[in-house]
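Visitor: Handing you a structure now.
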Amino acid sequence: MTAIQLIVGLGNPGPEYEQTRHNAGALFVERIASAQRVSLTADRKYFGLTAKFSHQGNDVRLLIPTTYMNRSGQSVAALANFFRIKPEAILVAHDELDLPPGVAKLKRGGGHGGHNGLRDIIAQLGNQNDFHRLRLGIGHPGDAKLVSNFVLGRAPRAEQEKLDASIDFALGVLPDVLAGDFAKAMRELHSQKA
């Protein structure tokens, strides 16, 4: 069991993207920072907002890239390389079109599934895709042509409440995730639905 040393929350920078579906991962990391009572601060060296807390004697770093989504890997690779964090000790939280709002799933490895943030992270980590993912369901607009506007849009209140609930579920299993007990975390998280 590999303990998680880096949690990344994907999103786009700037007030125009706050509370959009595409920023679900960033929202998750903001909630962790709040729960741990640490402040995310800008760090140019890592192209993002960073914070650190301790869990069972281990340092856990938080990162929200301040690059645009399709350059997220630049930020992740800079921090992971500096602190010598291996891909299997990284958890990337991101929005997931293929899951309905209110559903969160953990996964290790795999492709990018069309997600530009994941695509760039895989490329910047030297084509290593063995990092963990927290997939936060946002639903699908039903037509591929509508995806861009959909992910960059704000969810209606009922959808946002479901997304918030799925983030709460994920926060509930975070101690198991941090300890590297993904089997236990997955059993618990995958049985939840808002």
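For all residues, glycine too, the Cβ spot is worked out from N, Cα and C.
Since the structure is predicted, the reported quantities are computational estimates derived from the model, not experimental observations.
Below are the features listed in Swiss-Prot for this protein:
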ACT_SITE  H22  active site, proton acceptor
BINDING   Y17, Y68, N70, N116  tRNA binding site
SITE      N12  site 'Discriminates between blocked and unblocked aminoacyl-tRNA'
SITE      D95  site 'Stabilizes the basic form of H active site to accept a proton'
Visitor: List the residues in the vicinity of the tRNA site, defined as same-chain residues other than Y17, Y68, N70, N116 with C-beta within 8 angstroms of the site's C-beta centre.
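Guide: Here the nearby residues are N12, H22, T67, M69, R71, S72, G117.
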Visitor: Report the nearest neighbour of N70 (tRNA binding site) in space among the recorded positions N12, H22, D95, comparing Cα positions.
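Guide: Sorting the recorded positions by distance from N70 (tRNA binding site), the top entry is N12.
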Visitor: List which of the recorded positions Y68, D95, N116 have their Cα within 10 Å of the Cα of H22 (active site, proton acceptor), in sequence order.
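Guide: Hits: D95.
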Visitor: Just how many other Cβ atoms lie inside 10 Å of the Cβ on N70 (tRNA binding site)?
Guide: 13
Visitor: Which one of these recorded positions has the most other Cβ atoms within 10 Å of its own Cβ: N12, N116?
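Guide: In terms of Cβ crowding, the pick is N12.
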Visitor: Report, as a single number, how many Cβ atoms besides its own are within 10 Å of the Cβ of Y17 (tRNA binding site).
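Guide: Summing over all protein chains shown, Y17 (tRNA binding site) has 17 other Cβ atoms within 10 Å.
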Visitor: Using DSSP and three states only, what is Y17 (tRNA binding site)?
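Guide: In three-state terms, Y17 (tRNA binding site) counts as helix.
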